Amino acid sequence: MPYQERGYGRRGRSDRKHNGHGKHKPVVGERGREALENIDANSPVIKCFQQYAAELDYKHDKYERLVKISRDITIESKRIIFLLHTLDRDSKRESVLSEAAARLSQLITTHFKSIAKELKGEDPYQYVRAYTAGLQEYIEAVTFHHYLMNNSLENWIKIKNNLVFENQNPQTELTSAGETDSAEKKDDETSSIIEAHVSPMDYILGVADLTGELMRKCINNLGSGNIESCYQTCAFVREIYSAFLSVSCTGHKELSRKLVTLRQSLSKMENACYTIHVRGSEIPKHMLADVISGSQDDFLEEDEGFY
């Protein structure tokens, strides 16, 4: 049978008319407008999704506020660390450590208390990524300050307890009649303690960052001729590295990366101490830092396959 006799036109389209196929079909935009006009604003489903949207907006706003606070903590903590690196003479020791302690205390009473207020009644692990950078930088600063004062590592429990506050203005829920519900008021009074959550992992990552500052301190001590302090700092970092080797970092990318950096910092310090021990007698004290800095450029790290 010829092609056109089977009911097809010249362009291969069917000439047959089916029921309803010849009518005008509304486009997607028209259907969308029609559906929007027919939406019942009082529908339980619509109200449910409106509630979800309000909760998400609330959490996103809180998250952004925590990010801003974390940035301020990071900036101030770095400034405190820079201040502590200026402690190169015994005559400046007391003034520098006192100023750093005052600024660390100011961070606690302002920024970390603001974080604690934001986390009141919330799951801290939902927001920990918002302020973990600032928290780690603070831990790095406070442990560096503690080491310069006591030649030891600050305890995680003590850092955690320093970030626990008493909520001086606990808010109470009001009933629809405008009167305070006694049961809710009692619950608020018992939960007047707030804290900026410090997880063990944040503490570990902050201590890993501390070793980088100790490496800089070790090299800087050579410039001032304080060789004994260089040996002492190197031994302290070696103990930290030995402890880190017992910590499993499987599946934690950031910890694995910082452990590699820790090992590199320790290797630089050990190489500096080795150079002092072997060639220290033939190099003037004021030239030790320059000689060791030159040797560090040629010092290549070997991949042992395990960190």
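Just so it is clear, glycine is given a Cβ too, placed from its N, Cα and C backbone atoms.
These features come from TrEMBL:
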- 1-31: region 'Disordered' (REGION)
- 9-26: compositional bias 'Basic residues' (COMPBIAS)
- GLU140, GLU213: Mg(2+) binding site (BINDING)
Checklist outcome for this item: Note: in the chain of GLU140 (Mg(2+) binding site), residues six or more apart in sequence with C-beta under 8 angstroms of its C-beta are SER77, ILE81, GLY206, VAL207, ASP209, LEU210, GLU213
Checklist outcome for this item: Cβ contacts within 10 Å for GLU213 (Mg(2+) binding site), all chains included, total 19
